[in-house]
Amino acid sequence: MTTAPAPASRTRVHLADGRELLYFDDVPGLDRSAPDPRDLPAHRPRPELRHDAVLDEWIAVAAHRQTRTFLPASDACPLCPGGPGSEIPASGYHVAVFENRFPSLGGPAGGRCEVVCFTDDHDASFAGLPAARLPTVARAFTDRTRELGRLPGVEEVFVFENRGVEIGATLQHPHGQIYAFPYVTPRTRQVLGVARGGCVFCATAADAAGTERIVAATDHFVAYVPYAARWPYQVHITPFRHVPDLPALGEGPAVELMGLYADILGRFERLFPGPVPYMACWHQAPVTAGRGDAHLWVEVFTPRRTADKLKHLASAESGAGAFITDVLPEDAAARLREAGGG
């Protein structure tokens, strides 16, 4: 992976059970020495990997996650700063990244799971982050992609965000996660298999910029609804340049990408009432295999198909892998364009 020095605004500390916590600040020089006051046993992840011989896929078995924190009240939120049960002991923070206390990977399974908190404001959202925060998030995502990719046995670094009880998020505080997989995930394997005949994303990014499925564009990126979208409201954000991951993207374009990502999330918010549930997936190249074929892309979708109806993955999608969408992609793109904040 592309190497670069760690940003000056990064501070690494340890929690009471030995897990790492990193603060990424909008400005350097802040004191991040507050200790974790909790009395916690040493962190010993217990997930294991089992191989599905029918589908040739790996399954992470993490039964200890049944005891993880589930929709706590705001005054008991483990992602709010400084509280007695907080994972982040500082009295305030900008961006905080720490090892997940209830990981899906690690231990016998290999790999690592981290939580990324974008703000210390419990009621905020990524779409509403101040402009000064976006470079900090970009540095955090890039730093963690680079550093996790260097861990022994890690094959793919996957950044994602789950928002809303409708899709199973267990904490309401705005946050994302990063999984360092000890294998190349099935979706990435499939995309790389297609890419060996030529990069689909290079062609798609150029084509989408001139179609009615475009939602927004910047100097380096285009956001569009896929021609064969699987979800009623689904957007792909793709760089025009063939680039494998965030470290290779460069600081300026990475900040630009964060701005376009926040813009798309804001359109979702304006399209539907209330906090909109969504999933966001940052697809990056594997650490070693297929890097030349891989193209960085961000996938954002909401399960909402109308203001009061959800798209559920039923038997056709979950059992047969055959998706059926309820909204014409061109219509979805038009509505998202109209929901722009300009």
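Just so it is clear, glycine is given a Cβ too, placed from its N, Cα and C backbone atoms.
The Zn(2+) site recorded in TrEMBL includes CYS77, CYS80, HIS173, and the single candidate from HIS43, HIS51, HIS122 that the record places there is HIS122. In the compositional bias 'Basic and acidic residues' (33-47), helix, strand and coil residues by DSSP number 0 helix, 0 strand, 15 coil. Those residues of the chain, other than CYS77, CYS80, HIS122, HIS173, with a C-beta within 8 angstroms of the mean position of the Zn(2+) site C-beta atoms are SER74, PRO78, LEU79, ASP120, LEU171, GLN172. Under a cutoff of 8 A between CB atoms, and with a sequence separation of 6+ in the same chain, the neighbours of CYS77 (Zn(2+) binding site) are GLY83, SER86, HIS122, LEU171, GLN172, HIS173.
Taking CA atoms as the reference points, CYS80 (Zn(2+) binding site) and HIS175 (active site, tele-UMP-histidine intermediate) are 11 Å apart.
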